[in-house]
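S.K.: Below, the features straight out of TrEMBL:
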type     : residues  : note
DOMAIN   : B:73-279  : domain 'ABC transmembrane type-1'
TRANSMEM : B:32-50   : transmembrane segment
TRANSMEM : B:70-97   : transmembrane segment
TRANSMEM : B:109-129 : transmembrane segment
TRANSMEM : B:156-176 : transmembrane segment
TRANSMEM : B:231-251 : transmembrane segment
TRANSMEM : B:257-278 : transmembrane segment
Amino acid sequence: MTAPRSISAAPLVEAHGVHKSFGDLHVLKGIDLNVAPGEVVVILGPSGSGKSTFLRCINNLESIDRGAVLVAGEQMGYRVHDGRLIKLSPDAAARQRRNIGMVFQQFNLYPHMTVLQNIIEAPIGIHGVPRAEATAYAHELLRRVGLTQKADAYPRQLSGGQQQRVAIARALAIRPQLMLFDEPTSALDPELVGEVLATMRDLARQGLTMIVVTHEIGFAKEAADRVIFMDGGHIVEQGPPGEILVNPQHPRTQAFLARFI
Amino acid sequence: MSEPVSIVTPPQGGVGWQDVTTAHAPLRPGRIVLWLVVLLVAANFIWICARNENFGWPVVGAYFFNPDVLRGLGFSLFLTVIGMVLGTFIGLLLAVARLSDDRLAKAVAGIYIWFFRGTPLLVQLIFWYNMSTLFPQLSLSIPFGPALMSWDTNSVITPLTAAIFGLALNEAAYMAEIIRAGLMSVDRGQAETASAFGMTRRRALWRIVIPQAMRSIVPPTGNQLINMVKATSLVSVIAMSDLLYAVQSIYNRTFEIVPMLLVAVLWYLVITTVLNIAQGYIERYYARGDRRSEAATPAQSPAGIGDNA
């Protein structure tokens, strides 16, 4: 399984035999995945297949029970000391994910801050970017997501689609090396989905490394370098969208895609 | 806007329709009568009180700005402020401890709150005041081991420190629960998002969680503050000259009990009124992200949708 773009560099994301349980519920049953820099990976699968959980394991928002996840060569949630693996403190774990942007299903904008404040919070507070520079970049990002006039609005004054585009701008503001999208359009009214997907397609074209969990087959078809189909905590099938979406081999994939055609 | 679509035309030519903007509020004579009655009763009550010589209004006026009373008032305010500030600070630490995953911190905070909420403030004040009879010496020592430093209790616990300790430590227990409720009212996704962006827990607490928790922390804290203003009057039992103590020492001399108590009551009301107004402003500040209607003007939204290609 090679990425269609000929990228020779070491993988940006590596998952090795990742297992995760919530109590008795075994959600991830051994996930292996490499994502190359610049690659756009779309993860599809029915509800409960573990795809969102896996995404949250990549930046260690969920800890894993077995296996390992590495981003940019660093093992997420752990450090190695004298050859021994030692669990990071919550603050150190947070620091480890400061270069990973994340977009949530429920947007999760900070409601007490304006759009501009939402965007410059992490660059100023965590990355030490000077305020003037962070503000200028925030305005540029707002222009890119088509919300130039909303800098001083509060999140609740925006539509869902606008909020999600602000959330994307907020994640881009940290100049991430990796972007994670957790069902970014699932909480949106159907007529607002398009504007968010358009923004995401732009990012994909610009060579940002993206892992997207979604139900939007159309987005996968147009923007993905590779489509991963998950079911029951396993990766069932993966490959370029032209193959997976057009000519799926696995019966579970076929059954899933049949519902969208 | 559009033409009136008369789908259901009344059979006999009908009255048609009028735009609701031309509507008037209904005239309710009962309400007006009720207003008049209440105002009349209130005015009459004020008139009766004002003319009642037993209230001693001239004495109230004479002592309202009495230097001893003002000094007592200043001291009450001082105690309120310091008790509330210390109480809120300790309360915040207790709340965070109770919400943490650390079982030791959780247990210590839980026992603290259990004890200080479970015993009367008056008794706590008296205990602090009489600390020297229980522990003549205060010393810093290794548990069950030798003392490293020690002080005479009476030199540490003056009536002033007893009052401050008593009020602040008691207040902390209540504030801890108010702050804990506030922190829990904030969507968990907020702290998670902050953490996903690399924020430390302390920074997430100050920048993201507390500002949102303030909305539900401020109203009960206003209650606590007003309670505290009045609770300071308890310190008169340990010979601290607060507002109540000041008027008491005057009426012990002049026997004008009711007028002097009125002086204290009016001052307490003045403080409370000021606090209420301040609380209103603070609440409006923390509700700022909630103003849904103002800026979401229709003129702006099409611009946002148009240019996202």
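Cβ coordinates come from backbone N, Cα and C, glycine included.
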S.K.: For the transmembrane segment (B:156-176), which recorded stretch in the set B:32-50, B:109-129, B:231-251, B:257-278 gives the largest number of Cβ pairs separated by under 8 Å?
M.R.: B:109-129
S.K.: Would you say the transmembrane segment (B:32-50) and the transmembrane segment (B:109-129) are in contact under the rule of three or more C-beta pairs closer than 8 Å, pairs 6 or more apart in sequence?
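M.R.: Counting Cβ pairs under 8 Å, fewer than 3, so no.
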S.K.: Checking distant contacts: for the transmembrane segment (B:32-50), what same-chain residues at least six beyond its ends satisfy Cβ-Cβ under 8 A?
M.R.: 57
